Structure formats: structure tokens, C-alpha cells
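Enquirer: Got a structure for you, written out below as C-alpha cells; questions coming shortly.
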Amino acid sequence: MARVVVDVMLKPEILDPQGQAVQRALPRLGFEGISDVRQGKRFELEVDGPVDEAALARIRDLAESFLANTVIEDFTVKVEEGAEVAEAAK
Amino acid sequence: MTARIGVVTFPGSLDDRDTQRAIRLAGADPVALWHKDKDLKQVDAVVLPGGFSYGDYLRAGAISRFSPVMDTVIEQAKAGLPVLGICNGFQVLTEAHLLPGAMLGNDHLHFICRDQKLRVENAETAWTGDYRQGQEIHIPLKNMDGRYVADPYTLDKLEAEGRVVFRYLDMNPNGSLNDIAGVTNEAGNVVGLMPHPEHAVEPLIGSGRTDGLPFFTSILKKLVNA
Amino acid sequence: MSRTPLDTVEHAAATPDVELPWAELGLKKDEYERVVEILGRRPTGAELAMYSVMWSEHCSYKSSKVHLRQFGEKAPESDALLVGIGENAGVVDVGQGYAVTFKVESHNHPSYVEPYQGAATGVGGIVRDIIAMGARPVAVVDPLRFGAADHPDTKRVLPGVVAGIGGYGNCLGLPNIGGEVVFDACYQGNPLVNAGAIGVMRHEDIHLAKASGAGNQVILYGARTGGDGIGGASILASETFDDAKPSKRPAVQVGDPFQEKLLIECTLEAFREKLVVGIQDLGAAGLSCATSELASNGSGGMRVTLDDVPLRDSTLSPEEILMSESQERMCAVVEPAKVERFLEICAKWDVIATVIGEVTDGDRLEIFWHGGKIVDVDPRTVAHDGPVYERPYARPSWQDELQADDANKLPRPATSEELREQVLKLVASPNQASKKWITQQYDHFVQGNTVLAQPEDSGMIRVDEESGLGVAIATDGNGRYTKLDPYTGAQLALAEAYRNVATTGAKPLAVSDCLNFGSPEDPAVMWQFAEAVRGLADGCLQLGTPVTGGNVSLYNQTGEAAIHPTPVVAVLGVIDDVARRTPVAFQEEGQLLYLLGDTREEFGGSAWSQVIHDHLGGMPPVVDLERERLLAEILISASRDGMIDSAHDLSDGGLIQAVVESALLGGKGARLVVPDGLDAFTFLLSESAGRALVAVPRSEELRFNDMCGARGLPVTRIGVVDGDSVEIQGEFTLSLADLREAHENTIPSLLA
């Protein structure tokens, strides 16, 4: 089993009030030097079988038609290598 | 004779019964439609009601948009079936690309419930014929994700073609671009808006005004006279 | 890793000397010994989990029970009560075949830890109580109390609580029609998040939490069970029974309002088809509570297979499953022939439903895990026969001093100008200011039956579209009054809620309460509790409004400092036709303003003493419940016969607060004259109880005066609705614009 990660972010030109709220809170918490915060969504898909080009193409379709609304959002799809190893090391 | 107007219930729809009541008060026959059912029961028009279908998880309207009933609604709307999307229904219509643009979280990050002043910008759609162009009305608004956005090209096109149907007056309650409260498609049969006309149909209940009733009498007249 | 053997009943009997962590689970030594005595052996881990959680203060009311009995003993004769104390919620007959169930509960501690989820799950829990009675929930109300409005932690807690109530209730489709928001430094470490709900059903639809009929199936439906809110049970799981388990389970339960909405619809559909014999919601103590209560209220026993419970986390131990407080779950008892249809309805709504057991002939509750019997108890001993404490109580030594510190002796404004400034300061103070910034985050309109919502005196919901039958609810409490005199303070809370219902034109019928106090182990707190309960029970008897149920929240204190004793009282009323309801807002210029009731110099615990002098002392206003009853009758008659167009109850902040609210809501000002025999200060700011402000159309003046005169209610004409300012003749004038700015900007500027 492998994990494919789809990250969905608001397009740069779309106002992100949640990200702005986080950013406004930073100085209060003593974090300086962060000029912008944008908040997005991360989907972790556990895929049965090999993650080949065909599987990735299906996932890109899924992301484009469902996980993201491309009127307002962009997305990226990437395969997370050794997901289980990474988790165990935490 | 009268008209049969369907009201779709998605899991998490909240204003479906209220919308049926509004249709009844306007003199038409409300018909309950179920999201798992492709069959529209030969209704003459469809309302997608407000609520939090699927909890607004993923994005408001995003999951409902893929329900079986929507396959038929999309197909028939493109062929001219009158469709009204209220609040969550509007969100479903944008997710289904029957209406342009998209809905995002309110700019102030809070749910907002208030009696909202609107201006009717287009009294020629299937759902607004009983209003006067430029009429100012009060309709309750209640939402978390009511910020209408579209790219500049789409906005210009909507404005140029008179497809902004309602505009917020006095205050913009959610940060919608151009104060847009509702839009229509090119043909004028599909209308979506964030405020809730079904909560403004009886003098004692809800907002205490009946400014929302013309939505339902408009469509009834149109269907009966057709 | 090595697994210790499953702690079955057999194993427990064979290993009497195994030490169990009863103290860590909150049991006292004598309580644990009683469990051993009841069972005739040491309990299994699972049994210990059940007893410890069911015998907790929260579930067993062990400190409060001896006092709460008065609500039954002193219950007034009432034809209206269909289901009384002891069920999930009381049920009241409102006529035309309709019954209404309502209840208020606290979710104080969880809301301080995690404001959003604490408040959200508070709404979820009370709504499931309402469904479990067979009713469709129709509205929620939220009495809230926070620390000082300008304290930084209030800015963390309040917006989270409000967003949680809104996020859950709005998504559920329940109009939020009432409640309160009060600020006081005494709640700084213990905010009070009380949640109330109302449900409507036909008489024949009333359902009860009992499992009867051997062979009937026990169905768990709703969300999967996870490790939410387990707390103590993890000790059993990780330290005693299996060291390899994750040792930390989340103490915060997370709510899923979407799941709850499906649960409502699917449960109501099952009720409609008469598929349900008995039903119980899963709240505090989860399955432990649901199985033991269903079994002990029914005729038979119950056998449950825990392996069949759908899990969100497969590592959960049986003890954890029994104690889990995962939200949005219900338990139904269904006849075997109807199980298939019940499961179909659940599938239609995408709700997971699983048969986990059945009702048996015997009288034991038996629970199995991996084939072994891990619980074998008499369910009554778990659910009903918990410990009962006669906690010592004593009037605190400081009470006399507090009452002697008379607020009537505080310096009063010396000039009209000073009075004007104090009035402006009062209407802008956080407690008296508009709460619109909060209430506009709640949906008032959904379901299309809301006739009145806050800031009206009571929330009102239409029940029947044809006849216009409606119900009204108001919640009130005043911790300051109650601190000064707990007996009187509790009665004042009752009187205010009663009055608020009548002010809108509805007839008060029944009472629910949420009693928020400090630690019962402090004799002073226990005295406050005993006095408040006595006052409330006596008051309900006198007003003829039975207590139908309620909730007690103790241990609301930080270190040695307890909150003000805060009984919150909810009164439910009925109105034959909602078209006759009376709103707060002034309707028409020229209408005459009348003050009903007697105004005395009463400033103890008043808003004025708090805002102007930061003072709490003296005695609270005098209560006269016969007068309250007369006032209510007048308000209801006047509403029914169209003699008044607006009305507002007088309470904290006094007359001027009521006038300002009615004026701002109606967008119309008022001209007032100070009546003979009263000074302007007392006239405007006294908090004497049993009073209301009404606006009478000139055409009704004679009739209204005659009615009040005939029935002996003091009535004083004090002015007229007029203009765009509030003018006190000979004293001062404040424009509506200035008043609006003062009244409406406070809360957003502190919290937004």
C-alpha cells in the first residue's frame, strides 16, 4: 500500500481570511518575520496496488473534479515515499 | 391548474420543509425529491434548499453536487428546467457549474444571521418576474460560506449581461465581490442566491415580512402561463 | 508484549486479591467496598469502569439528590405534566394533542478546556435527550456566563463557545431563540455553558428509556465508537490490563453535527413507523449509562456483545468502549420482526446501525467480550442505587456581613447630568449592552416557525400552522442576587423567567433548571445549594409550575473560590395563537407607556451597584410570587385582547434599560415623566421585581386601566412613545443615535 498526498490551496489571488487571522496572531505569540500565511487542505489517499502513471492520472482527475474546486483552488499530487517508515520514526 | 415544484432533500438539508411550505403558500404543489433518486417525478421546476448538506465537509455543496439527483437536475437545467438554489443550494449550483463563480467562507470568519436588505437587479429571470427592477427588499440571510467570488472576466461578463440578480444593500455581510447576493445563468432559468426567501413568506414568522413570496409566485405564474 | 488474561467475571471471582485502581477512577474507598458487597466478589475491570462512571457526581447526583427530592415532594397539582423528573426530559401537555419536552443542561467544564467543541457537544447532548423522548427538536437556547468581559481569557473562551453553539446548532437546523450572556469575574476560571432544547411531538409519540420484552433487540446506531472523553478508563486499560496500549486518550469529545442531523431524521422516521420499544441517547458515561438505564427501567435483563460495537479505533479495550463518550450515538430497543425495517431506515440515512444485544428474561445486565462474560450486574445497582450523601451544610460566616453591606447606602448621582452619565454607562456596560454580535452568529429562522427570538423577552415557536398554537421559553438566573440570598435569588430567577414568558403573551406551564454551584464538599456552597433548591421548589409550588427535570453542575470553582451560586431557571409557556404575541419593540408613536407593579428602593445586587460602584452587598429585591402571578395574568389577558402593542419585563438595569431596549428595537423614542412619590434615580434604576413596561394604544387606555384596577394591579402612566430620543422630563435627554452607539458597540469592540 502506498500513500498519495493531494495538497489543495486557494489560488494566490483569492482572499484567505483564515490564513490572515493566523498571520495576525503571530506577533502576539512572539513569532516575527513571517510576512504571509495561507491555509490549505491536505488529503492523504491510501492506494491499493502500485501507484503507477495510470493510478496517478486517476487521482489527478479525482483532485480536479472533486477534492479541489478549480474556480478558486489549485492542487498538487505527489506520492509519499516510505509513508509507513516515516510514521514509525515519529 | 397549478405547478409541481420539487424540493430536493440532501443529507443535511435544513430548509427543505420550509421551502415546501413557501411553495404551498404561493399556491403551487411542493414535491419532495430525494438525493439518491435520479427521478424528478415530472416536476415543472426544482428548488435546491438551504442547509449544510454533508456538513459542508470538503466544501459547501461539493459532495451533494455528485448525488444521483443532481445528474438529472444538471441535464434538465441545461434543457431549460427552472432551478432555484438557496444558500447551500446556490453553493451546489456553483459546484455543479450550472452557475459561474464559487462560494468561500465569510470574510469576517463568523456565521451571520440577519435580515438583509437587497436590490433586485434583474426582474426577468424565471424566479423574479413578480419583482420590479430596482426594487429593494428584505430577506433573511444566514450562512458561513457566503462570499461570492469569480475571476474578473466572469464578473465583467455577469455585470454586462445583467446576470447579477440581487445585490446586497447597506452592508456587505460576507465580502462577496461586487456585493453580489445572487446570479443567474445565460438563459435565466437557473438562479442562485445566498439569502433565504422561504423565511420571508408569512407576516408573523421569521423576518416578519413577506418579501420572499414573489420568488414562488413568479415561478408559478411563469409555469402556469407557459 | 504479553497479554494478561481477560478479566472475566469468572477470573474476578478466582482472583479476589487483585488490586483495582478504584481511587484513580474517582471512587471513594467505601464506595468501592459497596461495589464488592453488591457483587459478592471484586468487580471486573469492566464492571469497575461502569460503577465508577455511573456513581460519579455527574451521573448519580449523589450530593444533590437529597435536596432535589423537594421538586417532587412540593410539586404543584398540574394537569399539564405528562412525564416528570427522572426521564431524559420532562414532557408537558400544551393542548390540541401536542406535547412539548424541554430541558437545560450544563457543559461547563468541557467548554473551558476546549470552548468550541465543549459548547458544540453540549448542544448535541441536549438535543439527543429531546429526540430520545420521541420529539422533533424545534429550538435551542443558551444561557452563558463568562469572566470579566475585558479579561484576555474571555476573548479566548467566548468566541469559541459562541462559534461552537452556532456551528453545531446551525448545522443541525435548530433555531436558537433565547438564552443569556452574563459577565462576572467569578466565572473567570469556570465559565457556565448551559444548553437548553425544546422538542414537539403528539401525545401518542412519547417514548421512554426502557428495555422490555424478552427477545427484543438492542441496536446501537449513529457514529462509531472512539476513544473520546474516556479519561479514567484509560488507567484500567493501560496500567492494569495491557501496558502496550496508547496511554493517552483525548479527553475532549469532538462533535459531528452532520451525523447528528442524520440521527434526528432517522430516529423520527423510525418513531413514525412505530418501530421503537425503548430508546436512550448516549451521553455522559456512554454505553455504561445507556445499557444500565435501559435495562433497569425495563422489565427484563439485557445481554450485550461488545465485540459487535462498531469502532473508530480498533485498539480500544472493553472498559474503554463501555466508558467512551463518543458523540452522536443512540441505543434503541426494537422487536425482532421490526429490526430489518429499522436497519433499512438507518441505511437510507447513511447511519451505521448494529444489533449489539437483546433483552433477556432475567434481571441481570450481562456484557460479553471475546466470548468471556466481563459484566454480570443488577443494572439497578449501577444506574439507580448509587451512593447518596447528606453533605454537611452551614450558612457561611460571611453571609451576615455581606447582607449588612447595604447597596441602598451607596452614593447616588447628585445631579441630573450625573444621572444621565450613569445611565449611558449602564446601557453600554457589557452585561446590559446589546448581544447582537453574539446572537447573529446563530440561525433564528430555520424551520420557519420562529415567532420571537432574542433579544425578545422569551423565544416563541409556532407549533401548529393551522391553529397558531405556540410555545415560549425564557431562561434566567442572577448569581449576584443568589449570592446575597440563595433562597430569594433562586425565586427571583424563577420569577423573572416566568414573567418573561408572560410578557410575550404566553401562559407559563412548567420549569426546568440548571443548577450551577461550587464544590459540594464546602459546607457554605452546600448551604447555598440547599437554600436555592428550597426556594425554587417553594416558588414552583406557589406559581403552580412543576419542575419537569433539570441538571446539576457542581465543583464550579477555582481553588477555594466558588462561582456565585447560579441557578438558571427555564420556564416554558403556551400561547393559543402566536398572532397575539407581544414584542419588546415600541410599535407606534403616540402609544402610552405604563409601568406595572411597585417600585421600591432596591439596589442590592443591581446592575447599577456593579457598574458604578463595583459593589455586591445588601439584600436582593423582595419577591412576591402572588404579585408575579397577577402581573402575568394581566399581561396574558392584555395580549389576548389586543390591549397592548409592546411589553418588556423589568429586571437588571431597571426601567431605563427596558425603555432603551424597546426604543432601539422599535426605532422610536419615548418621553417619560417621573411619577409622584419617586425620585428619578429610583424610578429609572431600581430593580424591584414583579414589574413590566407596556405600550398601550390610546384607544385601549380605558379598558386596560379598568382591567388592572379591577384586579388590583398597581399601574402608573409614565409617558408616551415619541420622537427619536429618550427624554426624562426635567432630568435629561439621550438621542437614540447616542444610545445605539453606546448599547451596540461594547461587545464587538471587546470581542470581535
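Every residue, even glycine, has its Cβ placed from backbone N, Cα and C.
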Enquirer: If I go by TrEMBL, which of C:ARG128, C:ARG341 binds substrate at the same site as C:SER106, C:HIS107, C:ASN108, C:HIS109, C:GLN253, C:GLU325, C:SER326, C:GLN327, C:SER553?
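Expert: Among C:ARG128, C:ARG341, only C:ARG128 appears alongside C:SER106, C:HIS107, C:ASN108, C:HIS109, C:GLN253, C:GLU325, C:SER326, C:GLN327, C:SER553 as substrate-binding in TrEMBL.
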Enquirer: Hey, TrEMBL has ATP bound by C:TYR61, C:LYS103, C:ASP513. Any idea which of C:GLY26, C:GLY470, C:GLY477, C:GLY550 it lists too?
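Expert: So, going by the record in TrEMBL, that would be C:GLY550.
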Enquirer: To the nearest whole angstrom, what is the C-alpha distance linking C:ASP129 (Mg(2+) 2 binding site) and C:SER106 (substrate binding site)?
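Expert: Here the two Cα atoms are 13 Å apart.
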Enquirer: Output, ordered by sequence, the same-chain residues six or more apart from C:GLN327 (substrate binding site) with a CB under 8 Å from its CB, or 'none'.
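Expert: The list for C:GLN327 (substrate binding site) reads C:THR121, C:GLY124, C:GLY125, C:ALA223, C:ASP228, C:GLN253, C:VAL254, C:GLY255, C:ASP256, C:GLN259, C:GLU260, given in order along the sequence.
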Enquirer: Other than its close neighbours in sequence, what residues sit by the domain 'Phosphoribosylformylglycinamidine synthase linker' (C:24-62), given a CB gap under 8 Å and a spacing of at least six beyond its ends?
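Expert: Distant Cβ neighbours of the domain 'Phosphoribosylformylglycinamidine synthase linker' (C:24-62) are 7-9, 11-13, 15-16, 18, 68, 232-233, 235-236, 240-241, 284-285, 288-289, 292, 318-319, 322-323, 367, 369, 374-378, 381-383, 385-389, 520, 552, 554-555.
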Enquirer: Substrate site residues C:SER106, C:HIS107, C:ASN108, C:HIS109, C:ARG128, C:GLN253, C:GLU325, C:SER326, C:GLN327, C:SER553: biggest Cα-Cα distance, Å?
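Expert: Looking at C:SER106, C:HIS107, C:ASN108, C:HIS109, C:ARG128, C:GLN253, C:GLU325, C:SER326, C:GLN327, C:SER553 as a set, their Cα atoms extend up to 21 Å apart.
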Enquirer: How many helix, strand and coil residues does the domain 'PurM-like N-terminal' (C:86-201) contain under DSSP?
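Expert: The breakdown for the domain 'PurM-like N-terminal' (C:86-201) reads 48 helix, 45 strand, 23 coil.
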Enquirer: Do you know offhand how many angstrom separate C:HIS107 (active site, proton acceptor) and C:ASP281 (Mg(2+) 2 binding site) by C-alpha?
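Expert: Checking the Cα atoms of C:HIS107 (active site, proton acceptor) and C:ASP281 (Mg(2+) 2 binding site) gives a distance of 16 Å.
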Enquirer: Cα of C:SER106 (substrate binding site) to Cα of C:ASP281 (Mg(2+) 2 binding site): how many Å, rounded?
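Expert: One finds 16 Å between the Cα atoms of these residues.
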Enquirer: Find the average pLDDT over the domain 'PurM-like N-terminal' (C:86-201) in the predicted model and report it.
Expert: 93
Enquirer: Could you measure between C:ASP281 (Mg(2+) 2 binding site) and C:ASN108 (substrate binding site) for me? Cα positions, answer in whole angstrom.
Expert: 20
Enquirer: Enumerate same-chain residues with a sequence separation of six or more from C:GLU325 (substrate binding site) and a Cβ-Cβ distance below 8 A; give 'none' if the list is empty.
Expert: C:ASP228, C:GLY229, C:ILE230, C:GLN253, C:LEU282, C:GLY283, C:ALA284, C:ALA285, C:GLY286
